[in-house]
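According to TrEMBL, the protein has these features:
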type	residues	note
DOMAIN	74-285	domain 'ABC transmembrane type-1'
TRANSMEM	12-42	transmembrane segment
TRANSMEM	78-102	transmembrane segment
TRANSMEM	109-129	transmembrane segment
TRANSMEM	155-178	transmembrane segment
TRANSMEM	214-235	transmembrane segment
TRANSMEM	264-284	transmembrane segment
Amino acid sequence: MNRFQKFHQSVVVPYLWLMPALIFLLVIVFLPVAVSLILSFYRFTGYELNIFNKFVGIYNFKFLFHQRYFWISLRNTFYFVGSMTFIQTTISLFLAIIIFFGNFKYSSLIRMLIFFPGVLAPVSVSLAWRKILEQDGLINQILHTSYPWLSNVNLAIWCVIFVNIWQWVGYNLVIFYAGLEGINKELLEAADIDGANWTQKIFKIVIPFLRPTIFLNALLNLIGSFRAFDIVYVLTGGGPAHNSEVFTTLMYYYSFAPNGPSKMGVGAALAFVMFLAIIAFGIVRIKLLKEQKV
């Protein structure tokens, strides 16, 4: 076999096999990002025939950064990121450990019930919870009050986060449970012989063993938190007074909402800011994974 044939088999052929996936990635991911970045430098309302007609430079970014709504959506997006990355991951890990070591008779049924909301459409879940959280809804009937859960400026975003965690915690639980089944039972038995209590086994054996799974779930939740739209939009519509806006709903408001300003250039600028934020968080997570030697 000559040098050309070796080069062809070791370099050219693998890239030929990867070419369909690379083309798909280019069209689905990088092309929209490029178009969004270009559009962010133009003033476009969605009604002009020529998209790239009015070049405004960085005006859309300056306009965006001077809007109070942007900083509210940034704060709420960080609330989502923190809640899903830490709170949802912790709750699902705790539930998985309880179910796995609890030796419940119907553990499969319990896991199925917790996982079930995840197979429902987010819009359906949001509509159901909106009825529950309304002033004359089920929660207030039980509490004999008429508290405005979704109309409270400070509480609305946390109601949305609660519903989001309620729906998706089952996915993390299933992944953690699969990881727990990979633990060497002899290791746990040896810990029992050495007199280790339940807490010591969890923090000295189980948690270190599940470290790769914990980082995986945290990374999945991190990515998912930036994509939150339907639950926020259906539950609160970004209100009251835009105080539950996140990046995705604010992007919709500026670009497509009937009551919005029809500033698609500003929406594109916000989309690019969100893309950079996801990249930044992704890089941090990858570095943490490498440091943990996962």
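We count from 1, first residue shown onward.
Backbone N, Cα and C atoms are what each Cβ position is placed from, and that goes for glycine too.
With a threshold of 8 Å between CB atoms, the same-chain residues lying at least 6 positions outside the transmembrane segment (264-284) that come near it are 33, 36-37, 39-46, 56, 60-61, 63-64, 70, 77, 81, 219, 222-223, 226, 247-248, 250-252, 254-256. Nonlocal intrachain contacts for the transmembrane segment (12-42), taken as residues 6+ away from its ends with a CB within less than 8 angstroms of a stretch CB, comprise 51-58, 60-61, 264-266, 268-269, 271-272, 275.
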